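To start, I am sharing the structure in question, which I have written as C-alpha cells.
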Amino acid sequence: MSDNSQKKVIVGMSGGVDSSVSAYLLQQQGYQVEGLFMKNWEEDDNEEYCTAAEDLADAQAVCDKLGIHLHTINFAAEYWDNVFEYFLEEYKAGRTPNPDILCNKEIKFKAFLEFADEVLDADFIAMGHYVRRTFPTAEEIANGVKPQMLRGLDSNKDQSYFLYTLSSEQVARSLFPVGELEKPEVRRIAEEQGLITAKKKDSTGICFIGERKFTEFLGKYLPAQPGNIETPEGKVIGQHQGLMYHTLGQRKGLHIGGTKGGGGNEDPWFVGEKDLKRNVLIAVQGKDHPLLKSQGLLASQLHWVDRTPIKAPLSCTVKTRYRQTDIPCTIIPVDDENIKVIFDEPQIAVTPGQSAVFYLDEVCLGGGIIEERI
C-alpha cells in the first residue's frame, strides 16, 4: 500500500470522462477516493439542453463501477450570487466576461473545497482539469517554497487559463491527475476500464449552464436593445440585436456580409468597437484594421498564484483568450491592484472583461481582468 492510503481525496465528478479517469487514477495511486457531484444551476424550464440529470446518472455509474461513494451538493445559490450576477453586470456594462474562470474561483475551488474540508474531512480535492502542479518537499516548504501551477501536458487541452485565480494554498490542496496525460490517453484508460463516459463528448458552453442557445438564454435575463451597426465614418450599414451579443474581433453573426466598404472594399467585417453611449456597434473591414489592434492593455482585479504582487517590470508571455498562442510581453506594475502590459507586437481583438493570464515558460503566474486596450 502506498503512503497515500491514509489520505482522502474528494473528486469533483461531473459525469464527464476527465473526472471519471481522475477518480480511477487516484484510486490506483492508493488514495481513499470519494466523489462529489455539484449541481450549480436550477433549471426554470424544460428545455432539452440541460443535461444535469444525465450527468449525475453517468457520475453515479462511474462511481458504482469504481466502488466509490458519490455525494451530491447543490451550490445553485452560491453560483447565482457569486458568478451569475457578476456575469450579467459585466454584459450590461458592454464587456465580455468569462464565467468559467469565476466559477472555478468561487465554486470549484472555494465552495467545493470548503464543503470537502468541513463535511467530508478531505485531505485533498481533485478535478479533471488539464493542468499540472509542483510538489515541493517538506524541506522546501519549510524554506518558503510554494507549489506552482503548470500548464497541462496536452497543450491542446491545457486549462491553466481558467485556473489563474487559484492561490498556492489552493493548489497545495488540489490534485490534477489527467493534467499529466494527453486526451487520447485519458479516453483509452476510460475505455479499458469500461467506464460509461469513455466516448462521451466534451462539454462546451457556459460553465454549468450547458450548451443552450446563448443569445436566447441571455435574452431571458437582460433586455436586448437593438441599434445601428456603423462604419468608423458613421455610415449605417446594418442593425444589431443588442451590444451584449457581440464581442470585439467577432466576424460571424453581424449579418452585413456582402456589404461593400469605401472604394468597393469587399473585405470581411469585424466588430471593431462598442459605443455604449449611442448603443452603436462599430464594424471595420479586414482583420488588420487599426481599430482591431492593440499595443497592450490595462488590467485590474489581479490574482497572483503565489499571492506576491509584481513590483518591477517583468518580461513574460500572456494569453488574452483561451487557446491563444502565447504573446511575448512586458508587465509594468502601476500599483498592487493594476498593471500595464505592453506586447512585443500589436495584437488583435483584446477584449475588456476577458482575462489576461501570464506565464513564465510552463509556470502560470496568475492574471487579471482586462480593463481597456492601449
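Cβ atoms here come from the backbone N, Cα and C positions, even for glycine.
Swiss-Prot lists G12, M13, S14, G15, G16, V17, D18, S19, M38, G128 with the feature ATP binding site. What Swiss-Prot records for C103-C207 is disulfide bond, and it gives sequence analysis as the kind of evidence. Marked as active site, nucleophile by Swiss-Prot on the basis of sequence analysis: C103. Under the heading site 'Interaction with tRNA', Swiss-Prot lists H129, Q354. Swiss-Prot lists C207 with the feature active site, cysteine persulfide intermediate.
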Tell me which of the recorded positions C103, H129, Q354 ends up closest to D18 (ATP binding site) in space, Cα to Cα.
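For D18 (ATP binding site), the closest Cα among C103, H129, Q354 is found at H129.
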Reduced to three states, what secondary structure does DSSP give G12 (ATP binding site)?
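The three-state answer is strand.
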In whole Å, how far does the CA atom of Q354 (site 'Interaction with tRNA') lie from that of C103 (disulfide bond)?
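Checking the Cα atoms of Q354 (site 'Interaction with tRNA') and C103 (disulfide bond) gives a distance of 14 Å.
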If one looks at the chain holding G12 (ATP binding site), which residues at least 6 apart in sequence have a CB under 8 angstroms from its CB?
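The list for G12 (ATP binding site) reads S19, G35, L36, M38, K108, F112, I125, A126, M127, G128, given in order along the sequence.
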Do me a favour and check the Cα-Cα span between H129 (site 'Interaction with tRNA') and G16 (ATP binding site); whole Å is fine.
11
Could you find out if DSSP has C103 (disulfide bond) as helix, strand or coil?
helix
I need the CA-to-CA distance for G16 (ATP binding site) versus C103 (disulfide bond), whole Å please.
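Distance (Cα to Cα, whole Å): 17 Å.
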May I ask for the distance between S14 (ATP binding site) and C103 (disulfide bond), taken between their Cα atoms and rounded to an integer number of Å?
14
How many other Cβ atoms sit within 10 Å of the Cβ of M38 (ATP binding site)?
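There are 27 such Cβ atoms around M38 (ATP binding site).
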